[in-house]
């Protein structure tokens with residue numbers, strides 16, 4: 001039991017968790033294992049926004065399982081990957097996920113350090129011994145000799161420790177720790193590090209757009225403010241997404257400061273559509289946002305109204321682009337200009353279950369295949 005206690009204590013000392021600002025606005029903040037840490041509008045984070053409470057979030061790390069429990073204490077919303085954290089409830093934050101401290105602002109991430117070797121069983125560094133050609137005085141030899149004696153003592157201690165640990169090897173692989181070597185914790189951590197190298201980290205699907213923004217096969221164009229990508233699963237013949245380079249999780253986190261950015265996004269989308277319409281004047285386009293964000297990065301859709309695509313398969317796909325669930329980009333801009341914020345449209349999710357009907361003549365359709373055939377021949 002003493003050995004297990006020492007090893008558990010050693011793991012707490014070697015596996016570290018840190019909170020890091022994505023914009024490097026402050027030094028990394030340590031999150032000790034199983035110790036609640038309060039963050040918010042504090043000098044440590046450099047946050048001065050009054051919408052952020054001084055005690056906005058409570059973070060409790062689990063260094064063994066490598067995740068952090070995030071509890072929202074403040075009145076205003078906080079998000080993990082664009083999904084709101086309910087007040088006084090805890091949500092799980094893992095490595096690679098984005099934590100926005102308040103209202104989609106101040107993005108942070110957590111990361112865990114690797115394990116360090118057990119210094120108690122670590123091999124001692126043997127001092128270089130003098131060669132025959134080296135001239136040493138008797139006083140020099142008297143200084144060197146005690147060091148060699150100390151080394152022997154440490155080796156003997158190591159042998160005693162090894163003899164105590166070896167009987168524990170009969171534990172099964174299902175035990176908390178398997179004592180396979182004189183340094184069980186370091187061996188266990190090395191194996192975990194090797195398995196991590198072999199198996200790539202799988203990010204949550206809601207983070208897919210951030211990876212696509214760096215995929216040269218998907219990127220169409222970019223400038224200092226935005227990136228244009230081809231939709232990986234297009235729902236029409238022409239379907240692009242325009243994303244800001246700033247971390248903005250959804251339209252509900254927009255403010256009047258973002259109006260010029262939204263106008264720029266719309267202008268770029270209209271230019272893309274114009275390039276197509278120069279060659280195919282009959283192609284119709286819409287520019288807009290979904291009422292409720294499903295991804296962790298805000299994006300505007302530029303989509304043609306033919307809806308001819310093999311990726312267009314479900315009623316929810318259809319209703320997300322042909323009902324009020326699809327909000328015109330100009331409406332979002334107008335709401336910010338007149339009211340200073342974007343309307344809360346969370347109740348609009350019910351529109352995704354509306355019966356199928358043609359977006360032109362409004363005639364009900366039986367299923368997706370019949371709807372696609374109807375669109376080809378439908379006239380307003």
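Positions of Cβ are set from backbone N, Cα and C atoms, glycine also.
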Of 333-355, 356-378, which range does Swiss-Prot call zinc finger? 356-378
Ranges in play 297-301, 302-306, 307-311, 312-316, with Swiss-Prot marking motif 'Histidine triad motif' at 297-301
Name the residue range among 221-225, 226-230, 231-235 that Swiss-Prot annotates as region 'Interaction with DNA substrate'. 231-235
Which range is region 'Disordered' per Swiss-Prot? Of 176-207, 240-271, it is 176-207
